[in-house]
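Trainee: Just passing along the structure, written as structure tokens.
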Amino acid sequence: MSWHATALTLFPEMFPGTLGHSLAGRALREEKWRLDTLQIRDFATDKHRTVDDTPCGGGAGMVMRPDVVDAACTAAQQMSALADGQERPLVYLTPRGRLLDQQVVRELVAGPGVILVCGRYEGLDQRVIEKRGMREISVGDYVLSGGEPAALVLLDACVRLLPGVMGGATSAEEESFSEAGAPLLEYPHYTRPVEWEGRVVPDVLLSGHHAEVARWRRGMAEAATRERRPDLWSRRTPAGAFSH
Ligand code: ADE
């Protein structure tokens, strides 16, 4: 049974979007993972098919109704039980959520899949988030106009870790954020030509000394992490013993 994602959205045409291309798209066609969408508006009950209403307490924007979103969640979970025989976690994409990182991605990939709830307007009524025990996830400290691009980001990060999706088996493991708990940014990459517009590839990368290449890369990764991401650098344990 392949890893299964369902997006609950008012804009199902935004899926698979960028994921229809490249390795994720090929893997989707090869049924290495599965993606479907549910139109939240289909679960509205009035003749105008209303999905939102004004915020209680006043203020700008509109809030998505809990009853409509709840009915869409029920449908997704019923489909899930039939298709997978396993319950998938409900993930609500929101800037109020826990920041997405590689550890969260690995956790989601280890399960049967995800049901992604994409909000528009000011987001969902808090009561349906609580009733459904939704896992709230943010893709960064900025505000998007809807959850759909965030859902695509989350799916991209997950799908590339699925077995058989990335061609070169180890590159997914080597790169930034692969080391659980003590992530480093990646070292810089070079290819041919060896000299380009007066800029040369570092000698060590042409030396054929694998141990020296590995040491150089490690040093560059550490320097980049220290300079660019002091927050990540300070999370490294002293046992890491790289206290330059
Ligand atoms: N919806 C709007 N902004 C978002 C963000 N930064 N992360 C996840 N979902 C969002």
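Each residue, glycine too, has its Cβ placed from N, Cα and C.
TrEMBL entries are annotated by machine, without manual review.
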Trainee: From G119, G133, G164, grab the residue that TrEMBL records in the same S-adenosyl-L-methionine site as V139, G140, D141, Y142, V143, L144.
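Mentor: TrEMBL lists V139, G140, D141, Y142, V143, L144 binding S-adenosyl-L-methionine, and from G119, G133, G164 it also lists G119.
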Trainee: For Y142 (S-adenosyl-L-methionine binding site), write down the residues of its own chain that are at least 6 apart in sequence and whose Cβ falls under 8 Å from its Cβ; none is a fine answer.
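Mentor: Looking at Cβ-Cβ distances below 8 Å from Y142 (S-adenosyl-L-methionine binding site), excluding near sequence neighbours, one finds P95.
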Trainee: Of the binding-site residues V139, D141, L144, which ones put their CB under 6 Å from ligand 1?
Mentor: V139, L144
Trainee: Pick out which of the binding-site residues G119, G140 has the most other Cβ atoms within 10 Å of its own Cβ.
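Mentor: By the 10 Å Cβ neighbour count, G119 comes out on top.
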